[in-house]
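*Asks:* Okay, here's the structure, questions in a sec.
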Amino acid sequence: MNHILAIDQGTTSSRAMVFDEALTLKSVAQEEFPQIYPRPGWVEHDPSDLWSSVAATARAAVERAEIDGSLAAIGITNQRETVVVWERASGHPIHNAIVWQDRRTADLCHALAEAGHEPTITERTGLLLDPYFSATKLKWLLDHVEGARARARRGELLFGTVDSYLIWKLTGGRAHVTDATNAARTMLFDIGRGIWDPEICGLLDIPMEMLPEVRDCAAPFGMTRADLFGREIPILGVAGDQQAATCGQACFRPGMMKSTYGTGCFALLNTGEERVTSRARLLTTIAYQLGGKRTYALEGSIFIAGAVVQWLRDGLKIIREAGETQGLALSSDAAQDLVIVPAFTGLGAPWWKPESRGAVFGLTRNSGPAEFARAALESVGYQTRDLLEAMRADWAAGAEGVLRVDGGMAASDWSLQFLADIIGAPVDRPVVRETTALGVAWLAGMQAGLCPGPEEFAADWALERRFEPQMEASVREAKYDRWGRAVRAVMAV
């Protein structure tokens with residue numbers, strides 16, 4: 001039997017998983033790497049950490065699977081928007097990677113908006129003018145690394161999102177490519193025409209010579225160096241992490257929704273061939289591109305989801321591991337009604353307030369670790385409802401009523417029950433929770449001829465548990481109203 005290696009390069013760790021051609025998980029390897037915070041609001045990664053952790057976990061997963069040379073394809077999924085610039089000749093990065101959470105270009109984005117550029121950028125890219133996306137991060141690098149722009153014009157420097165950088169490293173510098181879903185997150189890509197936008201690149205003074213070639217999500221992206229796995233292996237599937245999860249959740253029908261809970265939270269609504277223009281400040285993006293055909297989605301992005309649990313552990317030091325939060329939440333005093341707005345790096349969709357910062361409301365002398373844990377988990381549910389309310393406002397006729405969930409926090413029954421309660425709709429957790437890796441493994445396997453097409457793959461999607469709403473509507477709306485007042489207070493400061 002043939003096997004597929006799925007590389008999942010995330011914000012805090014790199015993971016690698018081996019699947020067989022029936023898409024059964026055979027092995028997993030994971031390695032965390034350091035986060036770099038040079039200044040408040042700045043977030044960086046050392047690209048060598050990204051590469052070394054990917055190489056180590058990929059080799060480890062293949063070894064643990066004991067697959068005896070039957071590796072047939074590789075798929076790559078990745079943290080999106082994060083920017084790497086490297087030398088074409090040596091492969092050496094010219095600066096740390098600037099991470100999607102980084103807010104250093106907030107003033108630049110504000111200036112561009114004041115100059116009237118946001119409508120054109122949004123119409124073409126589907127994105128809002130925000131530091132979250134790659135374009136202004138890339139401009140910052142070209143502005144602040146001496147000689148970088150001139151070198152880029154001479155073809156000496158290359159830009160890529162993390163997938164592109166990893167493909168370059170895996171292929172030994174033979175392929176400078178990306179896929180449509182990652183390109184769609186740069187704020188440089190015209191998602192209607194499927195090309196890099198010359199006008200936006202010109203506005204930001206970004207040499208187009210440094211941009212990668214854009215391909216379908218299932219396509220030949222290059223062959224790995226022979227020394228990595230004993231022979232050359234084709235890279236046949238690439239998608240940004242949230243789009244890969246959309247595929248892994250088999251959300252192929254317009255109206256289907258999924259939400260992934262990792263460091264952040266990302267909800268996607270499949271809108272099919274229709275590019276829905278959001279009136280509620282959501283993003284219009286590419287869900288996946290197969291056979292040259294683009295399928296679109298509305299997306300809402302929350303910057304802080306699982307990261308709020310990391311804050312409980314690393315910042316407040318009231319837990320030692322994430323799994324403790326569910327027990328604490330169960331033991332909390334619900335009457336306390338503590339509210340945490342975790343705007344540590346600003347507010348994401350649908351507010352888009354990069355300057356906002358977090359706050360805690362409703363503190364009393366009896367507020368302790370249990371109440372903080374409960375409020376932290378509840379904040380993720382509240383933010384998800386914000387996204388779903390905006391999606392329904394934009395595309396009410398097509399949205400289905402069930403939300404499919406995945407990611408680390410989806411393991412928490414308490415969190416998913418609260419999510420169902422606060423959104424007032426069923427929440428479905430799949431049997432296979434590694435949907436991001438599964439999605440890109442399927443893309444690579446389909447391109448290799450090992451896995452079925454979308455319809456047959458969707459028929460095999462299996463439900464592990466459905467969480468039905470149990471909270472009374474009056475309680476739900478009162479709690480959500482309190483959350484809304486807390487968010488408005490944060491934005492007013």
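Each Cβ is built from the backbone N, Cα and C atoms, and glycine gets one as well.
Straight from Swiss-Prot, here's the annotation block:
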- Thr11, Arg80, Glu81, Tyr132, Asp241: sn-glycerol 3-phosphate binding site (BINDING)
- Thr11, Thr12, Ser13, Thr263, Gly306, Gln310, Gly408: ATP binding site (BINDING)
- Thr11, Arg15, Thr263, Gly306, Gly408: ADP binding site (BINDING)
- Arg80, Glu81, Tyr132, Asp241, Gln242: glycerol binding site (BINDING)
*Asks:* With DSSP assignments reduced to helix, strand and coil, which class does Arg15 (ADP binding site) get?
*Replies:* strand
*Asks:* Which has the fewest other CB atoms in a 10 Å radius around its CB: Glu81, Asp241, the listed binding-site residues?
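*Replies:* Counting other Cβ atoms within 10 Å of each of the binding-site residues Glu81, Asp241 gives the minimum at Glu81.
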*Asks:* Would you mind checking how many other C-beta atoms are within 10 angstroms of the C-beta on Tyr132 (sn-glycerol 3-phosphate binding site)?
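*Replies:* If we count other Cβ atoms within 10 Å of Tyr132 (sn-glycerol 3-phosphate binding site), we arrive at 30.
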*Asks:* Among Thr11, Arg15, Glu81, Asp241, these being the binding-site residues, pick the one whose CA is nearest to that of Gln310 (ATP binding site).
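*Replies:* Closest by Cα: Thr11.
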*Asks:* Considering only the binding-site residues Thr11, Arg15, Asp241, Gln242, which fall within 10 Å of Thr263 (ATP binding site) when distances are taken between Cα atoms?
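*Replies:* Checking each Cα against Thr263 (ATP binding site), the hits are Thr11.
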*Asks:* Name the residues of the same chain, 6+ apart in sequence, whose Cβ is under 8 Å from the Cβ of Thr12 (ATP binding site)?
*Replies:* Glu32, Phe33, Gln35, Thr263, Gln310
*Asks:* Which residues, in sequence order, are found in the same chain with Cβ within 8 Å of the centroid defined by the Cβ atoms of Arg80, Glu81, Tyr132, Asp241, Gln242 at the glycerol site, excluding those residues themselves?
*Replies:* Gln79, Thr82, Trp100, Arg185, Gly240, Phe266, Ser301
*Asks:* In sequence order, which residues at least six apart in the same chain have a CB under 8 Å from the CB of Gln242 (glycerol binding site)?
*Replies:* Arg80, Thr260, Phe266, Leu268, Glu299, Thr436
*Asks:* Please identify, among the binding-site residues Thr11, Glu81, Tyr132, Asp241, the one with the smallest Cα-Cα distance to Gly306 (ATP binding site).
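*Replies:* Nearest in space to Gly306 (ATP binding site), counting only the binding-site residues, is Thr11.
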*Asks:* Including all protein chains shown, what's the count of other C-beta atoms within 10 A of the C-beta of Thr11 (sn-glycerol 3-phosphate binding site)?
*Replies:* 22
*Asks:* Based on Cβ atoms within 10 Å, give me the single least packed residue among the binding-site residues Gly306, Gly408.
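*Replies:* Counting other Cβ atoms within 10 Å of each of the binding-site residues Gly306, Gly408 gives the minimum at Gly408.
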*Asks:* Can you list the residues of the same chain, besides Thr11, Arg80, Glu81, Tyr132, Asp241, whose Cβ falls within 8 Å of the sn-glycerol 3-phosphate site's Cβ centroid?
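*Replies:* Everything else in range on the chain: Gln79, Thr82, Val99, Trp100, Arg185, Gly240, Gln242, Gly264.
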*Asks:* What is the nearest of the binding-site residues Ser13, Arg15, Gly408 to Tyr132 (sn-glycerol 3-phosphate binding site), using the Cα of each?
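*Replies:* It is Ser13, whose Cα lies nearest.
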*Asks:* So how many other Cβ atoms are close to Gln310 (ATP binding site), meaning within 10 Å of its Cβ?
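*Replies:* By my count, 16.
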*Asks:* If you draw a 10 Å sphere on the Cβ of Arg80 (sn-glycerol 3-phosphate binding site), how many other Cβ atoms land inside?
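*Replies:* Other Cβ atoms found within 10 Å: 26.
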*Asks:* Measuring CB to CB from Ser13 (ATP binding site), give everything in the same chain under 8 Å that is also at least six residues away in sequence.
*Replies:* Gln30, Glu31, Glu32, Phe33, Ser53
